[in-house]
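Below: one structure, written as structure tokens.
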Amino acid sequence: MRRKWRSEDFHFVFFGVLCLLLIDRGKLEQVKHSDTYCVFQDKKYRVGERWHPYLEPYGLVYCVNCLCSENGNVLCSRIRCPSLHCPSPVHVPQLCCPRCPEDSLFSVSSKITGKSCEYNGTTYHHGEMFVAEGLFQNRQANQCAQCSCSEGNVYCGLKTCPKLTCSFPVSVPESCCPVCRGDGELSWEQADGDIFRQPANREARHSYHRPHYELSPSSTRQVVNVPRFPSARSNRGVLPDPQQASGTIVQIVINNKHKHGRVCVSNGKTYSHGESWHPNLRAFGIVECVLCTCNITKQECKKIHCPEQYPCKYPQKVEGKCCKVCPEEVPSQSFDNKDYFCGKETFPVYESIFTEEGETIRKIAVETEKPPQIEIHVWTIRKGILRHFYIEKMSKREFEELPYFKQITRTTSSQWKIFSEGEAQISQMCESRVCRTELEDLVKVLYLEKSEKGHC
């Protein structure tokens, strides 16, 4: 199941961009047995393979096509739909563009691949969307839970529904929010608040579960509630304003260990049953000496009592811990002369900006270790609109010969992953409008800064 697109939301006549790169069959045979492949959102693709990106919690975006080129670069482009001359075009599942009714009888070439999901006894296909009942116990009357399935994991969003102007709204399968009759064909380009974008504080939480980036079934979830990419320097999560006019997404990943799907929400962050965390008070920051635990849907907090006597003579106070620890328990800080941020290794980020005849080519590059190479993300911007982006890779030696790059910051692999995922979303979002702010906010995701009182 997917979001339907309506042609009247677009302002220009669109022509199909169905072929990103013509690859000769002979060349394909030459690389078939080579080690060349592309990596996009942690998934490997063979040379010549095409796919639609997956955006949480909307599912597969059929209006963006990605291709793995022969040199291992990922090329993504929007599909531009032609204008139709029939009065009532219809939308076909798994396709981007609407069709005239007389042309709608054809086979769908796209195949859904990916692991299915199980939620509350129901099996959902990869990319399928559905509505969850009883997931958020403390939701407002105008909020609902929208979920989707991706590679065996369930992604859910607490969505604040926009105010409706009609007297008799109707339900549609693509959204948990009711809509006015005639608005059932939801467009991707709805109100800005209803567009999912990755935040800078995706890892800015304090629980005893490992950070979620592998999308494994046992992983925890992360709260998202931002109308645009926030700066990496702002790490506070805020619950949605139920009075706002546009929809809002608070995204979580359901822990498959707890099939009931009940969660606790604390300070804008979502925790599953049994998960523990230290509360974050605005005036004091993280309170290490108070421990909260999610019990089904209720928070149970208690004070941590430190021992009166320690096995060592001179226990030390360690940042981020409530009780003192003995010196032999203090973790070593030797990091092999590498730069670290909050215990995570950082990598240099480079930037190059070239402007000519009203067109700006902006390149963001990062140095990776596995494999040791430089990954460069290239944006083509014309009059503030992101027209095209692609990814290229080169060796470190080749990169060092380029004179026009300068280092702008250092970042972690997790922040670089957020940046990479955000490109596909911004490309879709900024199809026909100026997105200077969104692009700048996306770059800010790469900048690192400790939160209040130096906590990570």
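Note that Cβ sites are derived from N, Cα and C of the backbone, with glycine treated the same way.
The following features are taken from Swiss-Prot:
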type	residues	note
SIGNAL	1-28	signal peptide
DOMAIN	36-101	domain 'VWFC 1'
DOMAIN	115-181	domain 'VWFC 2'
CARBOHYD	Asn120	N-linked glycosylation site
DOMAIN	262-327	domain 'VWFC 3'
CARBOHYD	Asn295	N-linked glycosylation site
DSSP residue counts for the domain 'VWFC 1' (36-101), split into helix, strand and coil: 1 helix, 26 strand, 39 coil
Integer Cα-Cα distance in angstrom, Asn120 (N-linked glycosylation site) to Asn295 (N-linked glycosylation site): 19
Tally of residues which DSSP labels helix, strand or coil - the domain 'VWFC 2' (115-181): 0 helix, 34 strand, 33 coil
Taken over the domain 'VWFC 3' (262-327), the model's mean pLDDT: 78
Coarse DSSP state, helix versus strand versus coil, of Asn295 (N-linked glycosylation site): strand
Neighbour tally for Asn295 (N-linked glycosylation site), based on other Cβ positions within 10 Å of its Cβ: 12
